[in-house]
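Some features that TrEMBL has for this protein:
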BINDING   ARG35, GLN36, ALA37, GLY38, ARG39, ASP86, TYR160, SER215, HIS331  substrate binding site
DOMAIN    30-39  domain 'Uroporphyrinogen decarboxylase (URO-D)'
DOMAIN    148-164  domain 'Uroporphyrinogen decarboxylase (URO-D)'
SITE      ASP86  site 'Transition state stabilizer'
Amino acid sequence: MAPKPGEPALGQVSKPMLAVLRGERRDPTPVWMMRQAGRYLPEYRELRAEKGGFLDLVYDSDAAANITLQPLQRFAALDAAILFSDILIVPFAIGQNLTFVAGEGPRLTPTMLASKLQDLTPHAGRLDPIYETVAKVKARLDPSKTLIGFAGSPWTVATYMVAGQGSREQAETRRFAYADPGAFSAIIGRIEEVTIEYLSRQIDAGADAVQLFDSWAGSLSPAQFEQWVVAPTSRIVASLRERYPDVPVIGFPKGAGGKLAAYARETGVTALGLDETVDPHWAANELPADLPVQGNLDPLSLIAGGEALKNAVSRILDAFAGRPHIFNLGHGILQDTPIANVQSMLAQVKGEA
Ligand SMILES: O=C(O)CCc1c2[nH]c(c1CC(=O)O)Cc1[nH]c(c(CC(=O)O)c1CCC(=O)O)Cc1[nH]c(c(CC(=O)O)c1CCC(=O)O)Cc1[nH]c(c(CCC(=O)O)c1CC(=O)O)C2
(Lines of atoms letter the chains of each structure in order from A and count residues from 1; the text may use other names and numbers.)
(Lines give C-alpha, C1' and ligand atoms only; values in the text may rest on other atoms or scores of the structure.)
Protein backbone atom coordinates (compact mmCIF):
# COMPACT_ATOMS: atom_id res chain seq x y z
CA MET A 1 0.00 0.00 0.00
CA ALA A 2 1.42 3.43 -0.99
CA PRO A 3 2.45 5.52 2.05
CA LYS A 4 0.52 8.76 2.75
CA PRO A 5 2.26 12.02 1.68
CA GLY A 6 5.05 12.68 4.19
CA GLU A 7 4.89 9.15 5.54
CA PRO A 8 7.93 6.89 5.02
CA ALA A 9 7.74 3.84 2.78
CA LEU A 10 7.51 0.54 4.66
CA GLY A 11 10.69 0.02 6.69
CA GLN A 12 11.82 3.62 6.22
CA VAL A 13 12.30 5.99 9.21
CA SER A 14 10.03 9.07 9.37
CA LYS A 15 11.75 12.45 8.94
CA PRO A 16 9.57 14.94 10.85
CA MET A 17 10.81 17.97 8.87
CA LEU A 18 10.21 16.24 5.52
CA ALA A 19 6.67 15.28 6.66
CA VAL A 20 5.96 18.96 7.39
CA LEU A 21 7.35 19.99 4.00
CA ARG A 22 4.85 17.53 2.52
CA GLY A 23 2.01 19.32 4.28
CA GLU A 24 1.70 17.52 7.62
CA ARG A 25 1.50 19.17 11.05
CA ARG A 26 4.05 17.63 13.42
CA ASP A 27 4.31 18.11 17.21
CA PRO A 28 6.74 19.03 18.59
CA THR A 29 7.58 21.45 15.79
CA PRO A 30 10.61 20.40 13.73
CA VAL A 31 13.48 22.89 13.95
CA TRP A 32 16.80 23.85 12.31
CA MET A 33 18.74 27.13 12.06
CA MET A 34 20.08 28.93 9.00
CA ARG A 35 23.89 29.02 9.23
CA GLN A 36 23.71 26.43 12.02
CA ALA A 37 27.17 25.23 10.97
CA GLY A 38 29.37 28.26 11.45
CA ARG A 39 31.33 30.72 13.51
CA TYR A 40 29.11 30.74 16.65
CA LEU A 41 30.37 27.17 17.28
CA PRO A 42 33.84 26.85 18.88
CA GLU A 43 34.31 23.51 17.09
CA TYR A 44 33.78 25.29 13.74
CA ARG A 45 36.25 28.06 14.60
CA GLU A 46 38.79 25.41 15.66
CA LEU A 47 38.53 23.49 12.38
CA ARG A 48 38.54 26.70 10.35
CA ALA A 49 41.74 27.89 12.08
CA GLU A 50 43.33 24.52 11.32
CA LYS A 51 42.31 24.51 7.63
CA GLY A 52 43.08 28.16 6.78
CA GLY A 53 40.23 30.00 5.08
CA PHE A 54 36.51 29.55 4.56
CA LEU A 55 36.89 28.25 0.98
CA ASP A 56 39.50 25.70 2.13
CA LEU A 57 36.76 24.26 4.36
CA VAL A 58 34.09 24.29 1.65
CA TYR A 59 36.42 22.55 -0.82
CA ASP A 60 37.60 19.87 1.61
CA SER A 61 34.57 17.55 1.48
CA ASP A 62 35.65 15.61 4.60
CA ALA A 63 35.97 18.86 6.58
CA ALA A 64 32.73 20.26 5.11
CA ALA A 65 30.87 17.05 6.00
CA ASN A 66 32.23 17.19 9.56
CA ILE A 67 31.19 20.86 9.85
CA THR A 68 27.70 20.10 8.49
CA LEU A 69 27.28 17.48 11.23
CA GLN A 70 28.79 19.53 14.09
CA PRO A 71 25.51 21.27 15.10
CA LEU A 72 23.62 17.96 15.09
CA GLN A 73 26.26 16.36 17.31
CA ARG A 74 25.95 19.28 19.73
CA PHE A 75 22.12 19.76 19.62
CA ALA A 76 20.16 16.47 19.47
CA ALA A 77 16.92 18.48 19.01
CA LEU A 78 17.82 19.64 15.47
CA ASP A 79 15.71 17.95 12.79
CA ALA A 80 17.84 18.83 9.76
CA ALA A 81 21.36 19.22 8.49
CA ILE A 82 22.05 21.98 5.99
CA LEU A 83 24.97 21.48 3.62
CA PHE A 84 28.01 23.53 4.67
CA SER A 85 28.67 25.59 1.56
CA ASP A 86 27.85 29.06 0.36
CA ILE A 87 25.63 30.76 -2.20
CA LEU A 88 28.70 32.30 -3.84
CA ILE A 89 30.09 28.99 -5.10
CA VAL A 90 27.84 29.47 -8.16
CA PRO A 91 29.40 32.75 -9.38
CA PHE A 92 32.78 31.11 -8.64
CA ALA A 93 31.79 28.29 -11.05
CA ILE A 94 30.47 30.83 -13.59
CA GLY A 95 33.97 32.28 -13.63
CA GLN A 96 34.39 35.13 -11.14
CA ASN A 97 37.27 35.02 -8.64
CA LEU A 98 35.99 34.56 -5.10
CA THR A 99 37.80 35.51 -1.90
CA PHE A 100 36.60 35.99 1.69
CA VAL A 101 38.31 38.95 3.34
CA ALA A 102 38.60 38.47 7.13
CA GLY A 103 36.22 40.77 8.96
CA GLU A 104 34.76 42.05 5.68
CA GLY A 105 33.12 39.13 3.92
CA PRO A 106 33.07 37.89 0.32
CA ARG A 107 34.63 39.68 -2.67
CA LEU A 108 34.03 38.74 -6.34
CA THR A 109 36.10 39.99 -9.33
CA PRO A 110 35.80 41.14 -11.99
CA THR A 111 32.42 42.69 -11.14
CA MET A 112 29.74 42.75 -13.84
CA LEU A 113 29.99 46.54 -13.71
CA ALA A 114 33.62 46.31 -14.82
CA SER A 115 33.37 43.29 -17.11
CA LYS A 116 30.94 41.30 -19.25
CA LEU A 117 29.46 37.86 -18.61
CA GLN A 118 30.94 36.50 -21.84
CA ASP A 119 34.42 37.50 -20.65
CA LEU A 120 34.18 35.01 -17.75
CA THR A 121 35.64 31.51 -18.16
CA PRO A 122 33.28 28.88 -16.67
CA HIS A 123 34.73 26.34 -14.17
CA ALA A 124 31.92 23.80 -13.72
CA GLY A 125 34.32 21.55 -11.77
CA ARG A 126 34.21 24.06 -8.91
CA LEU A 127 30.83 22.56 -7.93
CA ASP A 128 31.91 18.90 -7.83
CA PRO A 129 33.41 18.82 -4.28
CA ILE A 130 30.05 20.07 -2.95
CA TYR A 131 28.33 16.92 -4.26
CA GLU A 132 30.93 14.79 -2.47
CA THR A 133 30.10 16.65 0.75
CA VAL A 134 26.38 15.90 0.29
CA ALA A 135 27.08 12.18 -0.24
CA LYS A 136 29.42 12.00 2.78
CA VAL A 137 26.87 13.72 5.04
CA LYS A 138 24.05 11.50 3.79
CA ALA A 139 26.06 8.37 4.60
CA ARG A 140 26.56 9.52 8.22
CA LEU A 141 23.28 11.34 8.95
CA ASP A 142 20.74 9.87 11.41
CA PRO A 143 17.85 8.63 9.17
CA SER A 144 15.28 10.69 11.13
CA LYS A 145 17.04 13.93 10.09
CA THR A 146 16.37 15.78 6.81
CA LEU A 147 19.34 16.78 4.62
CA ILE A 148 18.87 20.21 3.05
CA GLY A 149 20.78 21.35 -0.03
CA PHE A 150 20.72 24.98 -1.09
CA ALA A 151 21.61 27.70 -3.53
CA GLY A 152 21.22 31.43 -3.70
CA SER A 153 18.31 32.66 -5.82
CA PRO A 154 19.28 34.36 -9.10
CA TRP A 155 18.52 37.94 -7.93
CA THR A 156 20.58 37.66 -4.73
CA VAL A 157 23.50 35.96 -6.48
CA ALA A 158 23.33 38.58 -9.26
CA THR A 159 23.71 41.38 -6.68
CA TYR A 160 27.05 39.85 -5.66
CA MET A 161 28.15 39.32 -9.28
CA VAL A 162 27.35 42.91 -10.25
CA ALA A 163 28.62 44.76 -7.16
CA GLY A 164 31.36 42.27 -6.24
CA GLN A 165 30.25 42.07 -2.61
CA GLY A 166 27.28 42.18 -0.25
CA SER A 167 25.64 45.59 -0.12
CA ARG A 168 22.89 47.25 1.92
CA GLU A 169 20.41 48.44 -0.72
CA GLN A 170 21.84 46.73 -3.82
CA ALA A 171 21.52 50.13 -5.56
CA GLU A 172 24.22 49.37 -8.16
CA THR A 173 22.41 46.18 -9.21
CA ARG A 174 18.98 47.81 -9.31
CA ARG A 175 20.41 50.64 -11.48
CA PHE A 176 22.15 48.10 -13.75
CA ALA A 177 18.91 46.10 -14.18
CA TYR A 178 17.01 49.26 -15.18
CA ALA A 179 19.80 50.60 -17.41
CA ASP A 180 20.64 47.41 -19.30
CA PRO A 181 17.85 44.82 -18.85
CA GLY A 182 19.28 42.73 -21.69
CA ALA A 183 22.69 42.30 -20.11
CA PHE A 184 21.15 41.79 -16.66
CA SER A 185 18.72 39.21 -17.99
CA ALA A 186 21.69 37.29 -19.45
CA ILE A 187 23.34 37.25 -15.99
CA ILE A 188 20.10 36.06 -14.34
CA GLY A 189 19.69 33.39 -17.07
CA ARG A 190 23.20 32.06 -16.57
CA ILE A 191 22.73 31.85 -12.78
CA GLU A 192 19.40 30.08 -13.31
CA GLU A 193 20.92 27.50 -15.65
CA VAL A 194 23.88 26.72 -13.33
CA THR A 195 21.62 26.69 -10.24
CA ILE A 196 19.21 24.12 -11.73
CA GLU A 197 22.16 21.84 -12.44
CA TYR A 198 23.75 22.57 -9.02
CA LEU A 199 20.58 21.73 -7.06
CA SER A 200 19.84 18.69 -9.26
CA ARG A 201 23.26 17.24 -8.52
CA GLN A 202 22.83 17.94 -4.77
CA ILE A 203 19.54 16.00 -4.90
CA ASP A 204 21.17 13.17 -6.86
CA ALA A 205 23.89 13.05 -4.16
CA GLY A 206 21.29 12.69 -1.38
CA ALA A 207 19.65 16.02 -0.47
CA ASP A 208 16.07 15.38 0.77
CA ALA A 209 14.95 18.99 0.17
CA VAL A 210 16.51 22.19 -1.19
CA GLN A 211 16.25 25.86 -0.19
CA LEU A 212 16.56 28.92 -2.43
CA PHE A 213 17.99 31.90 -0.50
CA ASP A 214 16.81 35.23 -1.89
CA SER A 215 18.43 37.17 0.95
CA TRP A 216 18.26 40.54 -0.85
CA ALA A 217 14.71 40.21 -2.25
CA GLY A 218 13.52 43.00 0.04
CA SER A 219 15.19 45.82 -1.86
CA LEU A 220 13.04 45.63 -5.02
CA SER A 221 10.01 47.51 -6.40
CA PRO A 222 7.00 45.34 -7.29
CA ALA A 223 7.90 45.35 -11.01
CA GLN A 224 11.53 44.39 -10.42
CA PHE A 225 10.44 41.80 -7.81
CA GLU A 226 8.19 40.13 -10.39
CA GLN A 227 10.88 40.24 -13.10
CA TRP A 228 14.01 39.27 -11.11
CA VAL A 229 12.68 37.31 -8.09
CA VAL A 230 9.36 35.63 -9.01
CA ALA A 231 10.04 34.79 -12.67
CA PRO A 232 13.49 33.16 -12.25
CA THR A 233 12.38 31.32 -9.09
CA SER A 234 9.30 30.00 -10.92
CA ARG A 235 11.48 28.62 -13.72
CA ILE A 236 13.87 26.93 -11.27
CA VAL A 237 10.98 25.40 -9.27
CA ALA A 238 9.26 24.17 -12.47
CA SER A 239 12.47 22.58 -13.73
CA LEU A 240 13.23 20.86 -10.41
CA ARG A 241 9.59 19.71 -10.02
CA GLU A 242 9.73 18.09 -13.46
CA ARG A 243 12.92 16.20 -12.58
CA TYR A 244 12.20 15.50 -8.88
CA PRO A 245 8.42 15.77 -8.24
CA ASP A 246 8.73 14.58 -4.60
CA VAL A 247 11.64 16.82 -3.52
CA PRO A 248 10.39 19.88 -1.60
CA VAL A 249 11.71 23.32 -2.58
CA ILE A 250 11.74 25.96 0.19
CA GLY A 251 11.70 29.58 -1.04
CA PHE A 252 13.18 32.24 1.27
CA PRO A 253 12.50 35.71 -0.20
CA LYS A 254 13.94 37.72 2.72
CA GLY A 255 12.24 41.10 3.10
CA ALA A 256 9.42 40.30 0.67
CA GLY A 257 6.77 41.39 3.21
CA GLY A 258 3.38 41.95 1.57
CA LYS A 259 4.58 40.19 -1.60
CA LEU A 260 4.89 36.83 0.23
CA ALA A 261 1.48 35.37 -0.69
CA ALA A 262 1.95 36.26 -4.40
CA TYR A 263 5.52 34.88 -4.33
CA ALA A 264 4.29 31.55 -2.91
CA ARG A 265 1.40 31.34 -5.37
CA GLU A 266 3.34 32.38 -8.49
CA THR A 267 6.58 30.47 -7.88
CA GLY A 268 4.98 27.18 -6.76
CA VAL A 269 7.48 26.70 -3.92
CA THR A 270 6.58 23.83 -1.56
CA ALA A 271 7.24 25.91 1.58
CA LEU A 272 7.88 29.54 2.44
CA GLY A 273 10.72 30.86 4.61
CA LEU A 274 9.74 33.97 6.60
CA ASP A 275 12.22 36.58 7.85
CA GLU A 276 11.99 38.12 11.32
CA THR A 277 10.15 41.26 10.15
CA VAL A 278 7.02 39.22 9.28
CA ASP A 279 4.37 39.13 12.04
CA PRO A 280 3.63 35.40 12.48
CA HIS A 281 -0.03 36.12 13.25
CA TRP A 282 -0.32 38.14 10.01
CA ALA A 283 1.33 35.27 8.11
CA ALA A 284 -0.99 32.69 9.72
CA ASN A 285 -4.00 34.69 8.49
CA GLU A 286 -2.68 35.80 5.08
CA LEU A 287 -1.02 32.60 3.85
CA PRO A 288 -2.89 29.46 2.75
CA ALA A 289 -3.48 27.20 5.80
CA ASP A 290 -1.89 24.21 4.04
CA LEU A 291 1.27 26.07 2.93
CA PRO A 292 4.18 24.93 5.11
CA VAL A 293 5.97 27.95 6.64
CA GLN A 294 9.46 28.16 8.13
CA GLY A 295 10.87 30.68 10.64
CA ASN A 296 10.98 33.23 11.93
CA LEU A 297 12.83 34.12 15.11
CA ASP A 298 14.77 37.40 15.20
CA PRO A 299 18.44 36.29 15.39
CA LEU A 300 19.09 39.23 17.76
CA SER A 301 16.56 37.83 20.27
CA LEU A 302 18.71 34.68 20.35
CA ILE A 303 21.63 36.85 21.43
CA ALA A 304 19.46 38.58 24.05
CA GLY A 305 18.13 35.38 25.62
CA GLY A 306 15.96 35.51 28.77
CA GLU A 307 12.32 36.66 28.68
CA ALA A 308 12.70 38.38 25.29
CA LEU A 309 13.73 35.09 23.72
CA LYS A 310 11.07 33.07 25.53
CA ASN A 311 8.30 35.49 24.48
CA ALA A 312 9.51 35.61 20.88
CA VAL A 313 9.57 31.81 20.61
CA SER A 314 6.09 31.49 22.19
CA ARG A 315 4.61 34.06 19.81
CA ILE A 316 5.85 32.10 16.79
CA LEU A 317 4.79 28.69 18.10
CA ASP A 318 1.33 30.01 19.06
CA ALA A 319 0.75 31.75 15.71
CA PHE A 320 1.60 28.64 13.68
CA ALA A 321 0.07 26.04 16.00
CA GLY A 322 -2.07 23.55 14.09
CA ARG A 323 -0.52 24.18 10.66
CA PRO A 324 2.60 22.78 8.91
CA HIS A 325 5.44 24.77 10.53
CA ILE A 326 9.21 24.34 10.77
CA PHE A 327 10.80 26.53 13.43
CA ASN A 328 13.82 28.53 12.25
CA LEU A 329 15.41 31.95 12.55
CA GLY A 330 14.49 34.83 10.26
CA HIS A 331 18.04 34.91 8.87
CA GLY A 332 21.33 33.15 9.53
CA ILE A 333 22.38 32.73 13.17
CA LEU A 334 24.77 35.51 14.23
CA GLN A 335 28.34 34.59 15.08
CA ASP A 336 28.20 36.04 18.64
CA THR A 337 25.16 33.98 19.64
CA PRO A 338 25.58 32.29 23.08
CA ILE A 339 25.31 28.50 22.82
CA ALA A 340 23.26 28.43 26.04
CA ASN A 341 20.56 30.53 24.36
CA VAL A 342 20.38 28.10 21.45
CA GLN A 343 19.89 25.28 23.95
CA SER A 344 17.08 27.21 25.71
CA MET A 345 15.36 27.97 22.41
CA LEU A 346 15.52 24.34 21.26
CA ALA A 347 14.20 23.07 24.62
CA GLN A 348 11.28 25.51 24.38
CA VAL A 349 10.46 24.54 20.78
CA LYS A 350 10.50 20.86 21.78
CA GLY A 351 8.32 21.55 24.81
CA GLU A 352 11.08 20.62 27.25
CA ALA A 353 11.62 24.12 28.72
O1 LIG B 1 34.24 33.71 8.10
C2 LIG B 1 33.82 32.56 7.90
O3 LIG B 1 34.11 31.53 8.52
C4 LIG B 1 32.79 32.44 6.83
C5 LIG B 1 31.46 33.10 7.23
C6 LIG B 1 30.48 32.34 6.36
C7 LIG B 1 30.13 32.67 5.03
N8 LIG B 1 29.23 31.76 4.58
C9 LIG B 1 29.01 30.84 5.57
C10 LIG B 1 29.80 31.18 6.70
C11 LIG B 1 29.83 30.43 8.00
C12 LIG B 1 29.13 31.28 9.06
O13 LIG B 1 28.07 31.86 8.73
O14 LIG B 1 29.68 31.40 10.15
C15 LIG B 1 28.20 29.61 5.44
C16 LIG B 1 26.85 29.79 4.89
N17 LIG B 1 26.50 30.66 3.88
C18 LIG B 1 25.18 30.44 3.63
C19 LIG B 1 24.71 29.39 4.43
C20 LIG B 1 23.33 28.77 4.35
C21 LIG B 1 22.50 29.21 5.53
O22 LIG B 1 22.37 30.46 5.74
O23 LIG B 1 22.09 28.33 6.29
C24 LIG B 1 25.74 29.00 5.26
C25 LIG B 1 25.71 28.00 6.41
C26 LIG B 1 25.64 26.59 5.92
C27 LIG B 1 25.54 25.68 7.13
O28 LIG B 1 25.05 26.08 8.21
O29 LIG B 1 25.92 24.50 6.98
C30 LIG B 1 24.39 31.13 2.59
C31 LIG B 1 24.69 32.58 2.40
N32 LIG B 1 25.91 33.11 2.04
C33 LIG B 1 25.74 34.45 1.89
C34 LIG B 1 24.40 34.78 2.14
C35 LIG B 1 23.82 36.16 2.06
C36 LIG B 1 23.55 36.68 3.47
O37 LIG B 1 24.36 36.37 4.37
O38 LIG B 1 22.55 37.31 3.64
C39 LIG B 1 23.75 33.61 2.47
C40 LIG B 1 22.31 33.41 2.85
C41 LIG B 1 22.27 33.41 4.39
C42 LIG B 1 20.93 33.79 4.91
O43 LIG B 1 20.19 34.46 4.16
O44 LIG B 1 20.66 33.41 6.06
C45 LIG B 1 26.83 35.39 1.46
C46 LIG B 1 27.89 35.42 2.49
N47 LIG B 1 28.77 34.38 2.65
C48 LIG B 1 29.60 34.70 3.69
C49 LIG B 1 29.23 35.96 4.18
C50 LIG B 1 29.94 36.68 5.29
C51 LIG B 1 29.15 36.39 6.55
C52 LIG B 1 29.54 37.37 7.62
O53 LIG B 1 30.70 37.87 7.57
O54 LIG B 1 28.68 37.64 8.46
C55 LIG B 1 28.12 36.39 3.47
C56 LIG B 1 27.25 37.61 3.72
C57 LIG B 1 27.84 38.86 3.13
O58 LIG B 1 28.83 39.34 3.69
O59 LIG B 1 27.27 39.31 2.12
C60 LIG B 1 30.68 33.79 4.21
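Cβ from N, Cα, C; glycine included.
All annotation found in TrEMBL is predicted automatically rather than curated by experts.
Taking each Cβ in turn and tallying the other Cβ atoms within 10 Å, the top scorer among the binding-site residues ARG35, ARG39, HIS331 is HIS331.
ARG39 (substrate binding site) is 14 Å away from ASP86 (site 'Transition state stabilizer') when you measure Cα to Cα. Residue density at TYR160 (substrate binding site): 28 other Cβ atoms are found within 10 A of its Cβ, drawing on all protein chains shown.
Binding-site extent for substrate: residues ARG35, GLN36, ALA37, GLY38, ARG39, ASP86, TYR160, SER215, HIS331, maximum pairwise Cα distance 22 Å (rounded to the nearest whole number). Secondary structure by DSSP for the domain 'Uroporphyrinogen decarboxylase (URO-D)' (148-164): 10 helix, 5 strand, 2 coil.
For the domain 'Uroporphyrinogen decarboxylase (URO-D)' (30-39), residue counts in helix, strand and coil come to 0 helix, 1 strand, 9 coil, using DSSP. Counting other C-beta atoms within 10 Å of each candidate's C-beta, the recorded positions ALA37, ASP86 are led by ALA37.
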